[in-house]
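What TrEMBL says about this protein:
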type	residues	note
COMPBIAS	555-568	compositional bias 'Polar residues'
DOMAIN	14-150	domain 'Thioredoxin'
DOMAIN	393-502	domain 'ERV/ALR sulfhydryl oxidase'
REGION	540-591	region 'Disordered'
SIGNAL	1-22	signal peptide
């Protein structure tokens, strides 16, 4: 019996440990550093930054309950990484038993602070406070940083002590190369120090803090209540910062969005083309725009790239690809709040796709219709790329991906504002119509496979929770912000347009709130903002090109065209049937896309396209069926007439 009990106990413990190792509380997707026995000492000891570690056990119920708070804390202070970093180590993992024992970890979770530049092989300072709320721990992190001396101060961490009033007042009327922001607060306030740490990864700005007890400074700056912020501009002017709410998030967001303030670039990022240059020595024309507007030029340029460039990588559409494209055209044709010429073209394309009983359609036929080879009056989609709200500091940044996000935001809002728009399409009463169409389009046609993989993972995770069109609007907004958070600081981030959480406080102050020191979204106000921002009335026609009397045709581009790059195919890689660019500049180009009239067939001086020919074949087949029907019908009637009127003679 004892042996059997031990065997069962061993099996049970094995299952528990197996579950503990498989059910990881933290993954590489979380904003924490996952440590192990191999990496703990070499990472934490003598580090250039301080560390706050959580030693936990993946089978510990309290650790499981606390993990969302720890992830939220790590995400909240991710910009503090040059000063202090957040890490975790799972003591339930068999590999980590010895290191947890060496560090004297007996209970879970255990929190340890490790100073920067510590060479004494110290096992850290244990935090024993009962209150482990996010705001409390964050403030303790600030206190721990200030306990460092000048000798072991973390590299890259700016001073956190209050600045002297004479140093601040000396900035008045002084021209500098950067902004200086001064947060004036009470002695016990942490806002100033937290804003200083929030702005550490950014350049073009210095942040200092001052105390409200300095009455002379308060009087000179004209500050009557705290916390307040005062801003000194590079040109020597200065003024009180006008923020809607005097909270840490509002101060930090305001400063991050100042012109010329951007995230510090890595060595690889410094090799990017400079703002205003396309990387080929030619200057990019900058278009002034309002952040509070959506531009029709971006939406139409996105459709142009989608239909004429991205889709061109598929010679024919059949099976699931064809169904995905039909569904996409259905949703866009019914919901796109565009100009009449574009809407009519989309509706004509939809009618053609629905009426044509073919299981396989060549891309050239779609291109002929998009380019209006039939010369139908009132159909036109501009062949010019006019990025406005989606323009980047170089042609390799923003552009088409930005316009695609914008297009789908507009479509989700249109579906919510116009519930009857998708009637009789098969998508009526489906709150997921736009999102599922977007999901399938990205997985099938979008050129960035890694982007499509990430989007599919997000969709599998939570798309089934969407039960209404309003929830669909918010789901897409959340996932867009999730992508922005993941790509912050990456090479694809435009230094002129940092990937912040959107909408920013200057666009929607009521969308932002703070609970227990942590920024939270007021999703009811966010939904109202999204419906207004992406509504048809907020779409500006500025920079949209007018329809010409005779629309030109754009040839199918080279299939090697990559997203976010110039649309111009290289002469060496251009297909033989394409006209090469005129070396004398006589060839007509629009943003690198070669324009060329290409009729499908000429007969009696008339141009017939692939669409015309396919329709002719269809009409020919229908006429043959009709003639055969009429032949048998009249033959049958003739026999009946003869039989009825036949009178044999005797």
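Just so you know, glycine gets a Cβ as well, placed from its N, Cα and C.
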**Asked** Mean pLDDT for the domain 'ERV/ALR sulfhydryl oxidase' (393-502), as a whole number?
**Response** 90
**Message:** Is it possible to list how many residues within the domain 'ERV/ALR sulfhydryl oxidase' (393-502) are helical, extended or coil according to DSSP?
**Reply:** 66 helix, 2 strand, 42 coil
**Prompt:** Which numbers of helix, strand and coil residues does DSSP report for the domain 'Thioredoxin' (14-150)?
**Reply:** 55 helix, 25 strand, 57 coil
